[in-house]
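Single-structure report; data block below.
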Amino acid sequence: MTLEYQVTVSTEDVAFAGTIDDVYITLVGQDGSSKHVKLDKSKFAFHKGDVSRKHWCLLEIHLEKQGGIIIKDSWLPAKVEVESPDGKVYSFPIYHWLTDSKKHFFREGAGLFLSHALCCPHAVLQNDLTCFWGTPLCMEADTLKSLPPDDPQEVTVMFSPCRLAKLGLEAWSHCIDKWNSMSDIEKFVLSDYAMKHWREDAFFGYQFLNGVNPMMIQRCKTLPSKFPVPSNMTFSKSQLTLRTEMMKGNIFLCDYNILDGVETNTINGRKQFLAAPLVLLHKNEDDEMMPIAIQLKQKPGKDNPIFFPTDSEYDWLLAKTYVKSADSNLHELNFHLLRTHLLAEVFAVSLQRNLPRVHPVYKLLIRHTRYTLQINFLARKSLISESGTITRYTASGGKGMLTLLDRSVSSLTYRSLCIPDDIADRGLEDVPNFYYRDDGLKLWNIMFVHDILSFYYKNDGMVQNDAELQNWIQEIFENGFLRRRIPQKFTTVAELVKFVTMVMFTCSAQHAAVNTGQYDLYGWMPNGPSTMQEPPPTQKGKADEARFLSTLPDVQTTVHILATIWLLSMQSSDRYLHEFVEEHFTEDFPKYKVTMFQGDLIKLSEDIKSRNENLRLPYTFLDPKLVENSVAI
């Protein structure tokens, strides 16, 4: 006696997802396989077909697409549903381009532990010693077409020189002159707010908390000996002393020692300069983070003065601008490129190489890898290659970039990637008006990783015995973190939950925090110069407007960096943190938790909007409705 199984095949609702080829399916159960059956179709969408076979528990299906030899046809199925004679529905999430005539294997959606990984596209990792010595290994890809076929993104045009024309900057793209006046710079403004407030000490300090690089500031309990600010120094209207305010926990430090000795670039025949400053900040009576002392080089001495707000206008402004230039260089290469883009690439490649599509970790993280391989490939070609914008027009470009990336990898810690640990380690738990911390911690805490993984892993032994999972973390350990600082294997459910939460947060929220605001803050060049054309001052009293202008990047450098900032701040994805377009989970409980997570994100978005109504400068970078799912730009 044979029984009929009803098969429904859904095609993704995106351009060119359908196929005119013939599609065949095989059902695989515990006791054998069905015949290889051709499915009925209508134009570009497949509908119901019948597969006759005795009643069994389905484990996997085989899909095969056969068509003409002349016309190359690709197909993007979304899912396959098979209804058994007793009404049980088996769901097979696909969401994978079929581009050839080979058999493709897909496991039943609720499956977890099988010995072989099925239907995982293999992007091969390769260590690119020419470009990324000492950094996470990168994928082996010569062209965009050599990447796995899923999630192709048409963003090549965004990386072309036409972006200069779109911003009206093309006419100045070959001008290597220095600036003649501040009014000339004001013709090249992407950020009106930054232009109006960049001179203010309060805005300077605010950006260490809520700018594009909120990763440097930490509470200062003991002043470093290399930063000999007098402990009896007084400041603010109340004549507070450094010693007493430090005891109260109101003093904060940013130390850019990682930049010390980095070889700087030569731009248009001029040697460039990069400070390695120390910045002391004070949380004043109005809860503002105010700079109170700046030293531009690491080693104290007569030729390395400490600058104070009481110095002349341009002495103090120049010192702050050297800090902003140092911060922008470190931010771009360490906290943006390395800690989001390069790590996200390793996470994505290892996910696709080691975990099958029905694995719970794959289901949690696949949406956080969308477009990442494509955008990193394009960035290597257009931004950080030998002729790339970042390489050519930043102080740390060239050899300095390799040194700084190597140092950044060496200083990278697992705890610094987990925002609860990072905030605690920097002593910033109670700093007021710290919106990156507030919104980031809320996002971390509402991520539903614990509930989902606890549903699948009932005890620590199940984690330890999951070979696919252990292969995933092992590859990340070796190729991403170069065999240091993160778990080499998972031994508990809690370890797994924390690591997966970190990956989810890094690929979505953290990237949004350090990327989205570049237009708003670097869009006024003096607020984040990519380079400085004069060495840091060795004495006070020499700075004026002319000296300040001659120190800033030239016109050509400015317009190329502004065009890049415009590019990097674009919303490129059509999927945000609260959106689940693809249905990878098939069981009721995970689907319910997805719905709950979406509700929590919408509520957080509403709370952030309500708070921002009372802020002079709203902090929107971590609004869930604006946070892209993945590193997609």
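Note: Cβ is positioned from N, Cα and C throughout, glycine not excepted.
Features of the protein shown, as given by TrEMBL:
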- 3-112: domain 'PLAT' (DOMAIN)
- Gly18, Asp73: Ca(2+) 1 binding site (BINDING)
- Asp40: Ca(2+) 2 binding site (BINDING)
- Trp97: site 'Essential for stabilizing binding to COTL1' (SITE)
- 197-633: domain 'Lipoxygenase' (DOMAIN)
- His336, His341, His511, Ile633: Fe cation binding site (BINDING)
Taken over the domain 'PLAT' (3-112), the model's mean pLDDT: 78
Per-residue Cβ crowding (10 Å cut-off), top of binding-site residues His341, His511: His511
Cα-to-Cα gap, Trp97 (site 'Essential for stabilizing binding to COTL1') vs Gly18 (Ca(2+) 1 binding site), nearest whole Å: 10
Close in space, distant in sequence - His336 (Fe cation binding site), Cβ under 8 Å, 6 or more apart: Val212, His511, Val514, Asn515
Per-residue Cβ crowding (10 Å cut-off), top of binding-site residues Asp40, Asp73: Asp73
Nearest of the binding-site residues (Asp40, His341, Ile633) to Asp73 (Ca(2+) 1 binding site) - Cα to Cα: Asp40
Neighbours of His336, His341, His511, Ile633 excl. site residues, C-beta within 8 Å of centre, Fe cation: Leu337, Thr340, Ala344, Ile375, Val514, Asn515, Leu568, Val631
Cα-to-Cα gap, His341 (Fe cation binding site) vs Asp40 (Ca(2+) 2 binding site), nearest whole Å: 43
